[in-house]
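Here the structure comes first, spelled out in structure tokens, and everything after it is commentary.
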Amino acid sequence: MAKKEVKKIVLAYSGGLDTSIILKWLKNEYGCEVVTFSADLGQGDELEPVREKAFKTGADKVYIDDLREEFVRDFVFPMFRANAIYEGSYLLGTSIARPLIAKRQMEIAQIEGCDAVSHGATGKGNDQVRFELAYYHFNPGITVVAPWREWKLNSRQALINYAKRNDIPIPITKKRPWSSDRNLLHISFEGGILEDTWLEPPENMFVLTKPPEKAPNKPQYVEIEFEKGNAVAVDGVRMSPAELLAHLNTIGGEHGIGRVDLLENRSVGMKSRGVYETPGGTILREAHMAVEQITMDREVMHLRDSLIPRYAEMIYNGYWFSPEREMMQCMIDESQKTVNGVARLKLYKGHCRTVGRKSESDSLFNLDFATFEKDQVYNQADAEGFIKLNSLRLRIRSLMLANKNK
């Protein structure tokens, strides 16, 4: 669709430098109505000033929606039922937020009669893929305006100059030479000084967590209860999904839990450094795996575990709404029906360790079979036949090699 044909755009708007400039640029270049949408995913910032800034910068209408409960309940928790983790370290805090933002953006586009959507993701990053795959899931014919792939504002200074020319009220500072993105699950840092892969991230960068060496000298124990793979209570107190994750963030942050420094493989093909704080998510994943250990069948667990890398890649690469992810989610959720129980964790100076787990309804741990003491239910002599049968292929191969070498 040509610029002149676009009549109304809904923009995913944060109020930061990039999206404020994009808002003005859309008004100048497309000459159409622009509706902004800002999602409250637990950034910790007051979003009402964003409304005023959007109107001052040219927005015709502003949406600000509180999506915290939906974010944790319908996106974070399903992902955590799978124990998803990307490249062994990243708990996908940014990746899982984009599908929800795009979903609500497309709902607003339909409500407002918009014929185009826009976002502030750069042409080098993962987010452009995540947003646009979701857009096309909801409306295959939607027009996507991606300014970073159109304009010539290809440097930070060019953006600042554009902002000054257009009287966009944006504070410019060099005190924090990196970019960040925050929601209830995590906060991410990238760019700027972090592009030096040898440089240790400065301590003043971190927001959610204490440095482990300055965390309390006394460990804290926390008990997390699960029902069908979802956390429902902490230390016996039931909470909503968003309340629970926020509470774990506070506890984990106090003990320096959940810092990760990762050089990851982006979906567009390049490597990029990301530094993350995920205190509550780190605790939640450890607790979930502990309850699974006592409630989940071995072969079910091993099959599910073999699929975790693929499932995590789907989320990282923007395929949350794909049929393969939805199919896999059905299988994962089936495996979680027995994941009911409580995990007990010990938090101490950056470490989160399971020290106990129990399940009153679904425990597969049977002391009569597992004990190292004398028992009446397991005949240890039976192990001989089991071993001989399982070693048959190894013995045959050994005999074959011996005959071959004669």
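Counting begins at 1 with the first residue displayed.
Glycine is treated like the rest: Cβ placed from N, Cα and C.
Over in Swiss-Prot, the protein carries these features:
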BINDING   ALA12, TYR13, SER14, GLY15, GLY16, LEU17, ASP18, THR19, SER20, ALA39, GLY120  ATP binding site
BINDING   TYR90, SER95, ASN126, ARG130, SER179, SER188, GLU264, TYR276  L-citrulline binding site
BINDING   THR122, ASN126, ASP127  L-aspartate binding site
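Projection of Swiss-Prot feature records onto the structure.
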{"residue": "SER14", "record": "ATP binding site", "Cβ neighbours (10 Å)": "20"}
{"residue": "GLY16", "record": "ATP binding site", "Cβ neighbours (10 Å)": "16"}
{"residue": "ASP18", "record": "ATP binding site", "Cβ neighbours (10 Å)": "20"}
{"residue": "SER20", "record": "ATP binding site", "Cβ neighbours (10 Å)": "27"}
{"residue": "SER95", "record": "L-citrulline binding site", "Cβ neighbours (10 Å)": "27"}
{"residue": "GLY120", "record": "ATP binding site", "Cβ neighbours (10 Å)": "22"}
{"residue": "THR122", "record": "L-aspartate binding site", "Cβ neighbours (10 Å)": "16"}
{"residue": "ASN126", "record": "L-citrulline binding site", "Cβ neighbours (10 Å)": "20"}
{"residue": "GLU264", "record": "L-citrulline binding site", "Cβ neighbours (10 Å)": "19"}
{"residue": "TYR276", "record": "L-citrulline binding site", "Cβ neighbours (10 Å)": "26"}
Candidate with the highest Cβ count within 10 Å, taken from the binding-site residues ARG130, SER179: ARG130
Nearest recorded site to TYR90 (L-citrulline binding site) by CA-CA distance, among binding-site residues ALA12, GLY120, THR122, ASP127: ASP127
List of residues, in chain order, with Cβ under 8 A from that of ALA12 (ATP binding site) and at least 6 apart: THR19, PHE37, ALA39, ILE101, ALA102, GLN105, VAL117, SER118, HIS119, GLY120, PHE131
Neighbourhood of ASP127 (L-aspartate binding site) by C-beta distance under 8 A, where only residues 6 or more apart in the same chain count: THR94, ARG98, HIS119, ALA121
Distance [Cα-Cα, Å, rounded] between SER20 (ATP binding site) and TYR276 (L-citrulline binding site): 25
Shortest C-alpha distance to SER14 (ATP binding site) - which of the binding-site residues SER95, ARG130, SER179, GLU264: SER179
Shell of the L-aspartate site beyond THR122, ASN126, ASP127, same chain only (C-beta within 8 angstroms of their C-beta centre): ALA121, LYS124, GLY125, GLN128, VAL129, ARG130
Cβ atoms near TYR90 (L-citrulline binding site) (within 10 Å, other residues, all chains): 21
